[in-house]
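To keep things clear, I will list the structure first and then write my remarks on it.
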Amino acid sequence: MSKSLPYSMKDVHYDNAKFRQRSCLKLITQSVLTSKKHDCTSCSTGKFLVLLMISGLVYLMLTHASSSNSVGRIAKDMGTEAGDHLITNGSSSFARFWRKPPRLPPRLSPDEMGSNNSSRHEAENLNVASKWRARQQGVRNAFIHAWSGYKSYAMGHDELMPLSQRGVDGLGGLGATVVDALDTAMIMGIDEIVSEAGSWIEKHLPERINEKGQVNLFETTIRVLGGLLSAYHLSGGQQGKNLAHKGPEPVVYLENARNLADRLLTAFTSSPTAIPFSDVILRDNTAHPAPDGLSSTSEVSTLQLEFNYLSSLTGDPKYSTESMKVLEHLKTIPKVEGLVPIYISPNNGEFSGENIRLGSRGDSYYEYLLKVWLQRRENNLTYLHDMYEEAMKGVRHLLVRKSSPNGLIFVGELPYGPNGAFSPKMDHLVCFLSGTLALGATKGITKEVAMKANLLTFEDLEHLKLAEELAKTCFEMYSVTSTGLAPEIAYFNVEGNSEGAADGGNKSSKYVHDIVIKHADRHNLLRPETVESLFVLYRITEDPKYREWGWEIFKAFEKYTKVGSGGYTSLDDVTVLPPRRRDKMETFFLGETLKYLYLLFGDKTVIALDEFVFNTEAHPFPIIKGSSGME
């Protein structure tokens, strides 16, 4: 016999309150009528409770209606925005009492969210790009100001003395600033200056080359010969960049370069060894050694980029052949873990003394080992890269130290050779090394691309790490001073050996006790080596901090070295305010410092590091393809 079901058919028609709202009246009706077995209206107590509940609901409804009318009257009497607010709130209070759950706002699809994020990133990128364009324009304006001072007071002289408002010839009288600054003006697109400098070269430089007296082989090669060759390419010569829209025909630059180089070659051909003499008499076409009979190692080994490129352009191998003999000879003589003394004799071809450093007279030897190899990679000059790699191992083993108390990485010196005492002295010139290490690691492409292509060796990564550490140290050499500009030379306190307490003047610097600046070394010559490395590191790592560091340095130049009448001046002491000024604007401020800052703040594709190689005076030459004119 079947049992009756535990529910009646009436319960099938239920409302599920979890999913659907029910009116108050329906709720009461269903509560009263759905059950016979437990019908609460069948007892007096139940009837009383139902009536009580209904009365309460009626009371609430009447109370809210009255409240709304009262609020309306008060608001009408007030006649203010506050009254309107009361009406709104009062009339809606009962509605809020029975309000439905709020609707959720519509959600964006993943595609729509991605589109919004993309738009936001694009806006941020535009803002960043705009900021750096403005800062780059600031550098361009600084170059125009520097040139205006030179043009007004020193046109045709080697350098400007901005405080005295006159020119001086300390580099042989070839108008070095004109030639050194020319390709910077081309890169910046300043047609008026390109025209002025180019016209001067066309009218006056041939006569200067033919009639002037003694010039230094190294300085003339890197500044004047290098500047002419770069200007030739950037003005469109031999399918070059053609960045110049004014000035003479490109061949004018090449003809002057060849005339000058023919005379400079005498330094090579007059020497009894592969090591050239240091000085040339242009008008006599003769050469002689320095008074002490020695040449700087860096000077004799920092000529090859320029002479190689000239041979490539002219098809005449003599320029490359003579200059490359130097590196071929240096390959054969003994070194200290790849490191070399800073002097060499052209009379016997041997190193002189034991002083090893990467500062003055040593620096660009190491730079050109790498760059000449990069310039002519298709010519199987692997011995140069091997020499470079060996030298960098020697630097890391013998010269790299850490300062105390805060651990800045720096490169010191061995003034008495590997068996003598280590000196914690570092020239500002050494700051070139950071950029060279980074360039050697990736060969000019970005680190990201090199990593994805699995092109970096363990040694490359070590070089990149050291490059970044040295760049920080070089920047702190600026930050530690009162002016925010670096001294010519710094010493570093190391554990167990303090160099003294002569600091840079900025007491808030974390490294004020690490870096020591002696009185004789406190001058600043507007040098480019730190901003050069910041430029290279930014191009390779794409880390924006290098741009920000460069901007801090540029602001300090603007604040303390700018001369109102035109030009910029070197400083005598960067540790005091106001700084004492020296009366000179070096050619490399226009040729290098401002050029590297401009490129640092600009488009990364302009003068790409895997297409060009910069000489030690920041003149870019295209990487040579093939071996035409080089053998």
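Every residue gets a Cβ built from N, Cα and C, even glycine.
According to TrEMBL, the protein has these features:
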ACT_SITE  Glu219  active site, proton donor
ACT_SITE  Asp363  active site
ACT_SITE  Glu488  active site, proton donor
ACT_SITE  Glu529  active site
BINDING   Thr616  Ca(2+) binding site
DISULFID  Cys431-Cys474  disulfide bond
REGION    100-122  region 'Disordered'
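Cα separation, Asp363 (active site) to Glu529 (active site), rounded: 11 Å. The two recorded residues, Thr616 (Ca(2+) binding site) and Glu488 (active site, proton donor), have Cα atoms 18 Å apart. Of all the active-site residues listed here (Asp363, Glu488), it is Glu488 whose C-beta has the fewest other C-beta atoms within 10 angstroms. If you take the Cα of Cys474 (disulfide bond) and the Cα of Glu529 (active site), they are about 9 angstrom apart, rounded to a whole number.
Checking each of the recorded positions Cys431, Glu488, Glu529 against Glu219 (active site, proton donor) by C-alpha distance, the shortest gap belongs to Glu529. A distance of 11 Å separates the Cα atom of Glu488 (active site, proton donor) from that of Cys431 (disulfide bond). Shown in sequence order, His428, Leu429, Val430, Cys431, Phe432, Cys474 are the residues of the chain, 6+ apart in sequence, with a C-beta less than 8 angstroms from the C-beta of Glu529 (active site).
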